[in-house]
């Protein structure tokens, strides 16, 4: 059966995001239970980012010239699935990890996100190839909504399997999530690899007369400041994802399963945000204004989490609200950035966006750590709230950069 290009894009979007969701939720729980430390996760993520900075612009430029995105995406998906399977079996081993095992596991964690972020950059650049500009918001929003709907369903379906102690290929308990994530990721990505488009191709003769892409972006100030603004907003999101498990367990006294439920609530309401994105754009007259609106209120959600009392129901409500605004932000930045950049150089420009975004994953998690260590000396668990409050400030700073320095779309 021949599927439309947007449908194929939706399927791959879900396959990629589901693999990452499994790692975001289950890796911290298992790694810390095995004697690992959050700081190691930050170090691994930082090294992954540094490698991306070195290789992604060149890969993006190469792809724009020859138009062959599929080989990169195919091998990326296969490699991510293999890593998930290996992690599942390593976490299944009894007892705490030795130092060598911790190094091996955290290295796989960094490699997974190197592949994941590279894939996000490449397939997101296909947006203008699979949808007309006037349908870009709807296509991006629908893709994200469907992807996160299946993420919620997938996590909900895995819950009973994990808690039942069922044995699947010699695995049981939480490690099963990695195996199921690997299988689901490959199955849903397969139609995209069989029928998907490679997107537009850049005329190789243009390469000789174009300046360095970095210099080009710096000269195009509205793009440069957009990248700075969204780097700050994205930082809050990426940092929160790294520490979300510890934050809710320490601040709201949640057990492992409750943390998963909170994450599912956030994902479900992301779906709501993605579904209403075309309506919000229509009401606010442009995708850029809608992005500004969502970024502002998403920033406020961090401050709300930092001050509300440790009542789990309040945390659930706040995560639901933040999920709506996060959904809007995630849909709209892709649309706005795609509109701002040349259609025949989308992979190159999106590779630079990914680098700006991931650079934040080095700087701001370090700031979180410094803030946490500083405040923990005096107030213990209050340090988590102080760190979340700082994330709100960073995100709001990104909002003001977008507001005052970016040309309206």
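Even glycines carry a Cβ here, placed using N, Cα and C.
Nobody curates TrEMBL annotations by hand; they come from automatic prediction.
Per TrEMBL, the feature transmembrane segment maps to 12-33, 39-60, 72-92, 104-127, 148-170, 176-194, 223-246, 258-276, 288-308, 314-333, 362-382, 388-406.
In summary, the transmembrane segment (288-308) does not lie against the transmembrane segment (148-170): fewer than three C-beta pairs, each 6 or more positions apart in sequence, are under 8 Å. Counting Cβ pairs under 8 Å to the transmembrane segment (258-276), the top-ranked stretch among 12-33, 176-194, 223-246, 314-333 is 314-333. Beyond the ends of the transmembrane segment (314-333), by six or more residues, the same chain brings 137, 140-141, 144-145, 148, 230, 233-234, 237, 248, 252, 254, 261-262, 265-274, 276-277, 280-281, 287, 290-291, 293-295, 297-298, 301-302, 304-305, 308 to within a C-beta distance below 8 angstroms of the stretch. Cβ atoms under 8 Å from those of the transmembrane segment (388-406) belong to residues 221-222, 225-226, 228-236, 239-240, 247, 288, 291-292, 295-296, 298-303, 305-307, 364, 367-368, 371 of the same chain, restricted to positions at least 6 beyond its ends.
Residues 40-41, 73, 77, 80-81, 84, 87, 91, 102, 105-106, 109, 112-113, 116, 119-120, 123, 143-144, 146-148, 150-151, 154-155, 174-175, 177-178, 180-182, 184-189, 192, 196, 241-242, 244-246, 256, 259-260, 263, 267 of the same chain lie 6+ residues outside the transmembrane segment (12-33) yet bring a C-beta within less than 8 angstroms of a C-beta in it.
Among residues of the same chain six or more beyond the transmembrane segment (223-246), those with a C-beta under 8 A of the stretch's C-beta atoms are 24-25, 28-29, 32, 38, 41-42, 45, 217, 259, 263, 295, 298-299, 302, 326, 329, 333, 336-337, 340-341, 349, 352-353, 356-361, 363-365, 368, 384, 387-388, 391-392, 394-395, 397-399, 401-402, 405-406. The list of residues near the transmembrane segment (72-92) in space but at least 6 beyond its ends in sequence, with Cβ under 8 angstroms from a Cβ of it, reads 12, 15-16, 19, 22-23, 27, 30-31, 34, 59, 63, 101, 104-105, 108-109, 111-112, 115-116, 118-119, 122-123, 170-179, 181-183, 185-186, 189, 192-193.
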